[in-house]
């Protein structure tokens, strides 16, 4: 499992992973799999700007055998058939592909539920989170999973179909990587909840409970991985085998500068204009597609269709950030793009160590990019065509305003075509595993439910009687659409623990407040520091979010947005502030005011007016009295008059 890094080293990385059985090789989804499990896998570093994060996540070739670790599980597919009445799990995606290198979703495990931010990965087949017994785990977005606190947790007991611990009591898993990252732990079973936007009720499932993590796994912000690949441990396979969802799932990534998105576990009626292509599960465990042609500005590239069918064919992988083409296809694509951009200026990339292909002069408005950059079409088998917008093959230049670089690179000498998440931004991708096909539908992923005409639910809202909540459990009942009764939010407070020393953090509090305001979508003036204390080598900060302007309370929509971001731990801060945890948050109604507090402005204005009138009357009376004194004053004729000095004419 590879995590987001600011730059992979230029040297070749060789990645080996093992899951359950040491003879089963786990390979990185960002590089083509070799058919021989004993062969060496070469993982090439991604080209591009130095500020970019690139995810390379593992694929697991499932042995497709029954395991006694799963009671009643059958690894055969297509047993249940499509059922339009079968529920699905609708879940939100968070983070940003190019900024974070991945997308995460929220998953609740245990009773009572413990929530986690997990990287969604179509190339992994196991879901895992840090365990409370972990001897070497980093500080992630949420607290570690505590099996002892869950009344429904059960360890997966040792059996012949899994690797066992030293005492041969419990099943274990292990992943090891040549770049010095690893994950290992035990397998457990507990109830998983999918949030209150989901029709699917909580389900029991097997997952990994980490005891050791090293390298980038140790330092990443996300808690763990949600495996969506093919295999007995995959969340999708487990739900399908239980008959609770159809054999399908969908991902919808947000567009440029937007981030977020949506995920659906289970099937739903696809849009009538969704473009489908075959996906052959026998060829490899990858989700592959039948790519036949590439067109740039409506012109077909002069390529043999077999160029996209080399080695492992064309692989679609949510765990890879960018796209990689075989050498011949990349050179033809690059030349065609450059030819169409004669009006733009070719510039150097953001990182001098990489020969990025970048252009300036297109402007910063993403909606206007199609006026400067051509449309790219992918043509599948049977002539089905998917048109790519510029955001599907470009990323922003980090140092030049209004400049963009190609997010499609050459895959070295490897003939595999690898399509990462950038290709499907603002695209709904349906992985219809039951019918061995994958569908694409261009859309705005932030408005997916409305565009699909599927009624969605708002983020989870706390009860007015429970204004303090340190976790965000998935409600079992119907979602709440409003605050109960006439409750109004007048103040939101929360505690944040940062892994930065008090003395180092103190000079940057204003900057931190601005980042928090940006993440909560409020004005910086609304974020107020209440308390700031040292806690060992960490810092504990209490913040308050105030209503905007002179208003006494938040609007319902604004309050729901703030509370959802806090409750779901979606506040993302730069790495310079270290790792952090949202310890507790509270909501309070507007404070009750006395008669004086409610009418103090009227009283103050009345007093000021009375003072002005009184002073004016007093001043007028004084002037009148002086005039009267001047008119009535006289001097006797024999009075001594002081000598007056004559002024010169």
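For all residues, glycine too, the Cβ spot is worked out from N, Cα and C.
Taken verbatim from TrEMBL:
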| type | residues | note |
| --- | --- | --- |
| SIGNAL | 1-27 | signal peptide |
| ACT_SITE | 121 | active site |
| ACT_SITE | 317 | active site |
| REGION | 460-480 | region 'Disordered' |
| TRANSMEM | 600-624 | transmembrane segment |
Note = All chains considered, the count of other Cβ atoms within 10 Å of the Cβ of residue 121 (active site) is 26
Note = Integer Å value for the Cα distance linking residue 317 (active site) with residue 121 (active site) is 8
Task = Around the Cβ of residue 317 (active site), how many other Cβ atoms lie within 10 Å? Please give the count over every shown protein chain.
result = 27
